[in-house]
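Step one of this worksheet: look at the structure below.
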Amino acid sequence: MLRAACRGVRLLLPARGGPAPAPPTPVCLPPQRCLQGRLLQQVPQPAASPPATPLAVGRWLLVCSGAVAGAVVLGGVTRLTESGLSMVDWHLVKEMKPPRTQQEWEAEFQKYQQFPEFKILNHDMTLTEFKFIWYMEYSHRMWGRIVGLAYILPAAYFWRKGWLSRPMKGCVLALCGLVCFQGLLGWYMVKSGLEEKPDSYDIPRVSQYRLAAHLGSALVLYSASLWTGLSLLLPQHKLPETHQLLRLRQFAHGTTALIFLTALSGAFVAGLDAGLVYNSFPKMGERWIPDDLLAFSPVLRNIFENPTTVQFDHRILGIASVTAVTALYLFSRKIPLPRRTRMAVTSLLAVACMQVGLGISTLLLYVPTPLAATHQSGSLALLSMALWLMSELRRVPK
């Protein structure tokens, strides 16, 4: 056997100086199999993305929306305790270290004493009282920095990992840009309360326009983060595109816009202390329409600068919101909806009723801080329920 194998090897090897052996004859496949092989080579196979990527990004955005909600609530408490003007300068890194020694606290207190809020409102404030309002504003600013890091650092990680699609990259860039803009807008708002106004004897406060812009941008950031997170995490329902469903979807969009506008009008109420003007309900004092509703001239100024008109508008918007939510709930009962969607509609109605009760109680009790802060938190909860319902009713892409 060994000799036969050796002779076989000699036959395969070329002889010295002789021609090389002929190449092996190719094996021909049937025409159908060859054609199939060429087609499989020509058709590019899509790269499979990691299945956990959308869930990870969606959970991250939900966490970010929760962080923004915390900043909004903490900002409301800072405003209610009149602590927003206690820190009279702004440094991105330097102010992260609070005063430690008695001398540092006295130096910080002396800086505060040079501004109108101390001279007009808090001229008898002690250092201990100043520390409380300073720490309130400090907590709000540090929470804002945490929110910024919660957006930017994970976004850079997901981007580097290649987990973000092209549309999602644009969305993430917009969210990170908005959170940076929100920080700058916050300082721009605070500056309006630190300016000297020789011709004014009013209590020093920040501009209600800048306060509304600050709150409005926070609500946009919160809504966009929550909506995107829910879109990634919640599977879409394949609902039949009937005329009734289309009307329900449009109704839900309009109701959400009304809820957003009502929450935004609350910034003007807070900025002008309009909750302390007429502390009665349903009438404003002894009248349904107060006499000083249009006291300012020109008339348009009343909408944003007259505390009576601002409170009146907030009442009307609140009543319109709860009426729209109730009508939306009753209309949805006529349409067969999935269980999760039905739960979203019911939750929206429950939170709307709770929010109206909180608003009336806050007004009748002369705006106590815990109740007013809960009322502001309720506006975020109501907006969240509306966004959840919109997510449930969103159209399935073809």
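Numbering starts at 1 and runs along the chain as displayed.
Every residue, even glycine, has its Cβ placed from backbone N, Cα and C.
Look at TrEMBL and you will find 60-80 (among others) tagged as transmembrane segment.
What TrEMBL records for 142-159 (among others) is transmembrane segment. Sequence-distant contacts of the transmembrane segment (142-159), counting only residues of its own chain at least 6 positions beyond either end whose CB sits under 8 Å from a CB of the stretch, comprise 56-57, 60, 63-64, 67-68, 70-71, 74, 96, 169, 172, 175-176, 179-180, 182-183, 186.
The transmembrane segment feature in TrEMBL is assigned to 171-190 (among others).
Marked as transmembrane segment by TrEMBL: 210-234 (among others).
If you look up TrEMBL, you'll see 255-278 (among others) marked as transmembrane segment. The list of residues near the transmembrane segment (255-278) in space but at least 6 beyond its ends in sequence, with Cβ under 8 angstroms from a Cβ of it, reads 76, 79-80, 203, 205-209, 211-212, 214-216, 219, 223, 284-285, 290, 304-305, 307-308, 310-311, 313-314, 317-318, 320-321, 324-325, 328, 362-363, 366-367, 372, 376, 379-380, 382-383, 386-387, 389-390.
Under the heading transmembrane segment, TrEMBL lists 314-331 (among others). Within its own chain, the transmembrane segment (314-331) is flanked in space by residues 247-248, 251-252, 254-255, 258-259, 261-262, 265-266, 268-269, 274, 281, 284, 345-346, 348-349, 352-353, 355-356, 359, 382, which lie at least six positions past its ends and keep a Cβ under 8 Å from the stretch.
The annotation transmembrane segment is assigned in TrEMBL to 343-367 (among others).
Taken from TrEMBL, the feature transmembrane segment covers 373-390 (among others).
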Return yes if the transmembrane segment (210-234) and the transmembrane segment (171-190) have at least 3 CB pairs under 8 Å (sequence gap of 6 or more), otherwise no.
yes
